[in-house]
């Protein structure tokens, strides 16, 4: 254990991870200096200067406890996550998922942090790793070049990266509502998605246009590599026709409504393919194209995506874009507390550690923030149980094989298996894992 003589903790970056870390530290009575460069220096992807801004989708994904990210969210609620609390307060309809009004949510997080008496917000670019105090670096996948270079030096000079993409957003008022229908897959939750059905002929024409459309050039000579969870739709399409039909355009559970009068293949009750649109803001005036992250040129996006039934005259308020994300060699560099192995006063959090996704990033900030606060107070570190979702993430990123390490979403495969004979029914198995997880977390909290 080591600790600084400074009477505060630095947090660099006010994204989901940094905001969560700063809050967790401050709620434990410790002053925080929170640095955020947006406001003095922009990033290629962020649209505002708000904290915890969502730059890709507005979805925090599944909300059921039989979904690993749903379990992680429930664990975070029980640990008083500022991200979860404000996300809940700004939910928008999304069926069985948790989606938020991205602007209202980010504004609320920003207001709560800026008004906290123990958090000093400093709008400034950090170009060196501070050595004046315990520090949590949560500068995100869009870390500025100068700081990224210093982190890469810690990384042994290796530039670990992948490319990430965002989906387009359309104005609902410009959608032809006669060609789409409201429904959630398998009718789970409220009917929260606008569905754009395609016949086989429409799909094949769309597929041809998508796979031959011109992509925007990358800003780097480096080889393209993508994280599977945010892969551009055109890259996915080039893997084969069926890839999209089993992915974002999967029609299963999205049967035509009885009053549907549009084109269909014969008397089929289910479309050949479906493009889903999800509400993006509380007012319900904006919808994003689910799973359609893209790096096509903007003119090509307009041409190709207006082939989707209902979007023939759609106005795109934001086109899809792609950016480079960096992440660390966490198995070699970090402890399960998200603490540097070489410098105990240094913590990392967020996507740069190899956790992937909004919720996962915030969870890493929660763990790093708690442990930075404990180090400040001279207390022992805490390692969350491997039987919990919030414990399985740091376990995974610090125990994976370094050579093949890639970013990871939370999933039941990284949570410690149940003892005893394997339960064959997947839903029942996940229910048992979730039950054990929440019980173990409560025991851990009470200890």
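Keep in mind that glycine also has a Cβ here, set from the backbone N, Cα and C atoms.
Database features (Swiss-Prot):
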BINDING   13, 14, 15, 16, 17, 18  FAD binding site
Beyond the site residues 13, 14, 15, 16, 17, 18: chain residues whose C-beta lies within 8 Å of the centroid, for FAD: 11, 19, 20, 21, 51, 52, 138, 139, 140, 349, 350, 361, 365
Other C-beta atoms that fall within 10 angstroms of the C-beta of residue 15 (FAD binding site): 28
Count of other CB atoms lying within 10 Å of the CB belonging to residue 18 (FAD binding site): 31
